[in-house]
2 protein chains.
Amino acid sequence: MTAKVLDGKQIAVDYRAGLAKEVEALKAQGVTPNLTVILVGNDGASQSYVNNKKKSAEKIGMSSEIIHLDETTTEETLLNEIEKLNDDANVHGILVQVPLPKQIDETKVLEKIAPEKDVDGFNPINIGRLYAGVETYIPCTPLGIMEILKNADMDLEGKDVAVIGRSHIVGQPVSKLLTDANATVTLLHSRSKNMKEVLKRSDVIVSAVGKPGLVTKEDVKPGAVVVDVGNTVVDGKLTGDVKYDEVSEVASAITPVPGGVGPLTITMVLNNTLLAAKRSMK
Amino acid sequence: MTAKVLDGKQIAVDYRAGLAKEVEALKAQGVTPNLTVILVGNDGASQSYVNNKKKSAEKIGMSSEIIHLDETTTEETLLNEIEKLNDDANVHGILVQVPLPKQIDETKVLEKIAPEKDVDGFNPINIGRLYAGVETYIPCTPLGIMEILKNADMDLEGKDVAVIGRSHIVGQPVSKLLTDANATVTLLHSRSKNMKEVLKRSDVIVSAVGKPGLVTKEDVKPGAVVVDVGNTVVDGKLTGDVKYDEVSEVASAITPVPGGVGPLTITMVLNNTLLAAKRSMK
């Protein structure tokens, strides 16, 4: 068997085309969805992420601003800046790029972003609302994974799913979304003693660890769907957790790295910003 | 094998004795931990729960009040009542007994309780903080389950744990706590296709469904630990999910119903109220 390639780039292109149409419709009603991103300091990778988000938003017709604050910005200044954006009716989505300089408490910052503008879904109140089953913003990588899985030709109902990695950014929330989709989820992590056995009996594997070579051909049940959320830079190259070439021989569908989950994450930032704009009109 | 009985009543008695000492110490510093419970309407079961909480708090030296509001109370009146308690420095823990009359939106009420006084841990912001790994109040039944498991003579590290039931009150948060304890958790539910196989290979089973007879002797691996969170009234008798008599023959440790998890739940309300009083002194 050669696995179907779950082409995140193409899935993202199609999804964004749908978003662009909805943005156009909102603009016709006088509302231009706006994504505002706060960047503190001059980290090169962060600058490139932030610019990418702005460009992606503009490409589908949204407006987008970057607020660039100095590396030495105090926590109070940042909190005041967020407060202003919370109060600005023209801003629908607010992102604060992490990591933040060490003088700033990340938890305080995330809790300051108005829940209805928290398009990353990182404010604990939105995480809690996800678990409580009330209206929220779902974190973008887990949401992107669910979108990719729609393209895998597998009904998740009652399926055995192994999620590797227990972070609150990916592993935990994607486990929740998969459980909501009626899958039976086993959450694996660095202290799991029987990872290989669990993987081998799973219909779907989602790996979000950052450990290249972790998932091998021997671990994967023939016909399983494999989603690789790892993105570790090895010799200057973005590398996933899964041995792509060999696992492709046994899986029924697989995401490449790069070009798998990555493009969907930003897509879901845009998705949530559109949602925020729509909800603001109610 | 005959299973060790995990005697929740006795574990609760011992735990509360420890809390009583801490309450005494706080009182010596001029702070009397206070638990205030709001009851709306005249449901008989709810009245009995609320009285039980008050009595339990007083028994370990705390002060406790019940605010009893009429069945026809408006949402606004209830929210104002909560606001007053939020602002009252003498109140450390606030509980609102559910279910609420249908004119009141439960989510709004839970989100109104100040996070630092939310000793049930049901305000979404506290649920989110649990997942984000920051200071919070952990819901009382999951916390009680973890306390009971300490008495089961089993190190959870790397163990296979099956949790049955995906509610945000028990199944989901106890899965999170078990994962934090380095167990490998599989979350089962009504749509799981392979429940029997998962149970059979598990070192620990936590059942929180409310379906008497769900877990039988055949489902349980010899030596497993079984925690029964079910509490369904059958012929006037509180009945768990587990066939206690037969499962006792194969398990290494098991909770009875009643007298298992139940007594620990109220104990953890008291635990969280003490914690809230301590945190208020910082």
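Placement of Cβ uses the backbone N, Cα and C atoms for every residue, glycine included.
According to TrEMBL, the feature NADP(+) binding site maps to A:Gly165, A:Arg166, A:Ser167. Under the heading domain 'Tetrahydrofolate dehydrogenase/cyclohydrolase catalytic', TrEMBL lists A:6-120. As annotated by TrEMBL, domain 'Tetrahydrofolate dehydrogenase/cyclohydrolase NAD(P)-binding' applies to A:139-280.
Chain B lies within reach of A:Arg166, taking the binding-site residues A:Gly165, A:Arg166, A:Ser167 and requiring a CB-CB distance under 8 A. Residue counts for the domain 'Tetrahydrofolate dehydrogenase/cyclohydrolase catalytic' (A:6-120) under DSSP, split into helix (H, G, I), strand (E, B) and coil, are 60 helix, 18 strand, 37 coil. A:Ser167 (NADP(+) binding site) has a Cβ environment of 17 other Cβ atoms inside 10 Å. Averaged over the domain 'Tetrahydrofolate dehydrogenase/cyclohydrolase catalytic' (A:6-120), the predicted model reaches a pLDDT of 97. Less than 8 angstroms from the CB of A:Gly165 (NADP(+) binding site) sit A:Gly171, A:Leu188, A:His189, A:Ser207, A:Ala208, A:Val209, A:Gly210, A:Val229, each of them six or more residues away in the same chain. Here the Cβ of A:Arg166 (NADP(+) binding site) has 22 other Cβ atoms within 10 Å, regardless of which shown protein chain they belong to. Counting residue by residue with DSSP, the domain 'Tetrahydrofolate dehydrogenase/cyclohydrolase NAD(P)-binding' (A:139-280) contains 56 helix, 28 strand, 58 coil.
The NADP(+) site, placed at the center of the C-beta atoms of A:Gly165, A:Arg166, A:Ser167, has further neighbours from the same chain whose C-beta lies within 8 angstroms: A:Val163, A:Ile164, A:His168, A:Ile169, A:Val170, A:Gly171, A:Gln172, A:Leu187, A:His189, A:Ala208, A:Val209.
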